[in-house]
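Here is the structure we will look at.
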């Protein structure tokens, strides 16, 4: 009887260990697959199936009444959401149009919320995952004091679908800017990928053979674009946009796959009231497990690291 009990327990431990190992392997595999982009918008079946549950406030037809412009030019006076895939194939014209958009500083929905300076600037770094962005926008819709904020959508990809989606927004002031050095605009030359770039360690007779990082890896345009875009958007909003000259409030940095809570701006206001000596506040964290045993009125002060942003 005792031997049977021991064997049964060993069998249960073995089974539990195998299941745990399978779950861990599946988790890390999904993280890797999502990181390389396989689970982008069109393949996120679960999210796409739930997309229809969001209320019908997403009306993509806001630019349907405009006349189609000539294919040889892009008119900055027309809504950004008007243009489709055929209008952006000419990269030279697209680059000029993006430059005009960045110089225009058009703020949407000023007729609803006025011209007074915003109390917050929310800067969202956007690539091409429209479903992720839609869920972020839906969470912003519920944020208290969102009417006092200006949302800046900073794109490194000119996506007609995303542009049409943003044209339908009416609950906040927002503007769009476009990273002018993206892979979309430079598909075969620096700062995008170059045919003569080095790809493997130890590779010779290529352009970047003398420019390895500390781990011996060469420049990956996809990853460097994210970093360059991150720095460019901050510099552009702070130094180039007219509104920032008289702005002394908080800038909140988000990305297209984030989701925020309704009290985000309210908590930031309360945090500022406690202590004005800090320059950076982390409103969220990538860590899945956190301890909430401490009193809710305690604000931890920590050293800064990049994952906080």
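Cβ coordinates are placed from backbone N, Cα and C, and glycine is handled just like the others.
Database features (TrEMBL):
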{"type": "BINDING", "residues": "125, 126, 127, 128, 129, 156, 225, 226, 227, 228, 229", "note": "substrate binding site"}
{"type": "BINDING", "residues": "257", "note": "Mn(2+) binding site"}
{"type": "DISULFID", "residues": "198-206", "note": "disulfide bond"}
{"type": "CARBOHYD", "residues": "90", "note": "N-linked glycosylation site"}
{"type": "TRANSMEM", "residues": "12-33", "note": "transmembrane segment"}
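Here the binding-site residues are 127, 129, 227, 229, and the one whose Cβ sees the fewest other Cβ atoms within 10 Å is 227. Counting every protein chain shown, the number of other Cβ atoms lying within 10 Å of the Cβ of residue 198 (disulfide bond) is 20. Here residue 198 (disulfide bond) is compared against the recorded positions 90, 125, 127, 227, 257, and the shortest C-alpha distance is to 227.
Of the recorded residues, residue 227 (substrate binding site) and the residue listed as 'Mn(2+) binding site' place their C-alpha atoms 16 Å from one another. Comparing the binding-site residues 125, 225 by how many other C-beta atoms lie within 10 angstroms of each C-beta, the top residue is 225. Recorded residues residue 125 (substrate binding site) and residue 257 (Mn(2+) binding site) have their alpha carbons 9 Å apart, per Cα-Cα distance. Comparing the Cα of residue 229 (substrate binding site) with the Cα of every entry in 90, 206, 257, these being the recorded positions, the smallest distance points to 257.
Ranked by Cα separation from residue 129 (substrate binding site), the recorded positions 90, 206, 257 are led by 257. For residue 257 (Mn(2+) binding site), the same-chain residues lying six or more positions away in sequence with a CB closer than 8 A to its CB are 129, 132, 136. With a 10 A radius on its CB, residue 90 (N-linked glycosylation site) counts 15 other CB atoms from all the protein chains. Residue annotation for substrate gives 125, 126, 127, 128, 129, 156, 225, 226, 227, 228, 229. The furthest Cα pair among them is separated by 19 Å.
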